């Protein structure tokens, strides 16, 4: 194998490294271009900012829009559509950042694999070049050292340049990922601020509506009281204006054509016959409505515990004191529990005392031990 042939092989290996260096440079330029604003090719004028700058500005603008909306909003001008758009804007920003993070992770994985592959290939190529130089016809004494040979030096330079370019691209991607994480944290803070401000505005609107409801309620109560008082009086006034003989008997004539009712008779009719009767009927209707209301029915179905029911059986838990239906006691008698009453009802206490008296009487007849009857 001649040195010229070996040199061609070395130049071929270094040429392959040169191509990979160009690829690495292209990767670095595209990765670095992600952080730069887009400019016009002729005038170098900035057309729009970089992607991450756009997202940062969008987060700040969303927060500004929320503050402006919260300051200008009133109870009567709640814009649900605008609130929905503000929340969706933050959600869209975070979704876009997640997609960019996914792409960055993929690019970083590709660059890592490229660095590992290039490192292995660089070591293999270097060993091949060393073996080629060792097997050349010229001796090592007549040439430079292995580390300083032309082919080896060019290969090492290009390989190191390639790896440095890949590592530079990886560092740039790491910076992008840190910046995306910061924007995500800022978006989280802004989203929490947006939720707090919107919840505060809704709470303020709810408080104002509650205050207005209280005012309307008091007005309705006053109107109801006036209606209850004056509606019977108006009815009785219209009724007594009719020419009814029983009413006309209580009138007296104070001239030839004019007749009038007596004050005492009017007072009794209006107060007793109209007002008191109206109040009684209204109270009866309210009582019936309360009695048949679902809330009152639920409260009636829940029995209150009897605090006076204290037994002397302290060694047995409460669950063991309640006899299940169809169970037998110590004397062999079957106990039946009334399912219509609970264990603390009056009927339950009465049945329990009756059973204990019967049990005590049978124990006395059979010579058994007396059972103490609890006091209720």
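Heads up, the Cβ atoms here are built off N, Cα and C, so glycines get one too.
Automatic, uncurated: that is what TrEMBL annotation is.
Per TrEMBL, the features are:
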type	residues	note
COILED	166-193	coiled coil
TRANSMEM	215-244	transmembrane segment
TRANSMEM	264-292	transmembrane segment
REGION	298-376	region 'Disordered'
COMPBIAS	305-314	compositional bias 'Polar residues'
COMPBIAS	331-354	compositional bias 'Polar residues'
COMPBIAS	366-376	compositional bias 'Acidic residues'
Folded-back contacts onto the transmembrane segment (264-292), same chain, C-beta under 8 angstroms, at least six residues removed: 228-229, 231-233, 235-236, 240, 250
Averaged pLDDT, computed only over the residues in the coiled coil (166-193): 83
